[in-house]
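**Q** Feature annotation from Swiss-Prot assigns substrate binding site to 61, 111, 155, 162, 186, 238, 256; the stated evidence is sequence analysis.
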């Protein structure tokens, strides 16, 4: 496995320079684009990694999975009264579909859906940002995971579209807490800094029927785990989920920080990071690396 990871990084490294680092979040625009890392973590606790897999980066929308899991833990099936679990087919920050469907987001991984999930968690936790940080620390076993306040502040200063979505949902009665407070929590979640190794470890419960072996925690039950993996498979890569299923064939979740987490149910989790994005906002070299890994090992679930 170690040799394979090294080979794959060598093969996809020439793609660096063909994508573009996210620049709509000013604090992310200065990230060094040449970085590339990958980590594989097995349900039995074996870890393999290569490249910049130990270097923390801004996880951005990957945090939406953690938020969803927290909401499921405390509110169960009730959350689906306020949002769906269908692919949207629209840009992740689109307002058109939200207006047409009367303030009920299609799924928890578009921005509007993630904001509803944060609104649910805001009602549950006295300090949502701290609760999320502590939850993630337990899952990955790294007490040093923190939220980058500079990135969070930068995102808050450029919050107009997310605020518009939140206020639109509030006008339809699907947003219960103070919008600005929820936005602050949401941006602190997105600004969490984790490495490929951290994320591969943190997501291992989704490869093991909801059980996190290194923390000893039953995070979700088996049915809930299948549901989260299913939503990742259909909606985890913005409006490129179909292409990812075609090329990689695994449940996954991406973020504009350049990270992608993928789950091989019953076996492994894989995290890859390369900051340069394609036109859909997903890591260009990251998808290529996951495609090669899935092909060579035969990991596709299809």
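Cβ atoms are placed via backbone N, Cα and C, with glycine included.
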**Q** Per DSSP, to which secondary structure element type does residue 256 (substrate binding site) belong, with helix, strand and coil as the options?
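**A** Looking at the DSSP assignment, residue 256 (substrate binding site) belongs to neither helix nor strand, so coil.
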**Q** 186, 238: which of these binding-site residues has the sparsest Cβ neighbourhood within 10 Å?
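**A** Comparing Cβ neighbour counts within 10 Å for the binding-site residues 186, 238 gives 238.
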**Q** Using DSSP and three states only, what is residue 61 (substrate binding site)?
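**A** Reduced to three states, the DSSP call for residue 61 (substrate binding site) is helix.
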**Q** Tell me whether residue 162 (substrate binding site) sits in a helix, a strand or coil according to DSSP.
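**A** Residue 162 (substrate binding site) sits in a helix per DSSP.
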**Q** Going along the chain, which residues six or more apart from residue 256 (substrate binding site) have their CB under 8 A from its CB?
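**A** For residue 256 (substrate binding site), the qualifying residues are 22, 25, 28, 60, 61, 277, 281.
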**Q** Record lists 61, 111, 155, 162, 186, 238, 256 as binding substrate; longest Cα-Cα distance in Å?
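**A** The two farthest binding residues have Cα atoms 19 Å apart.
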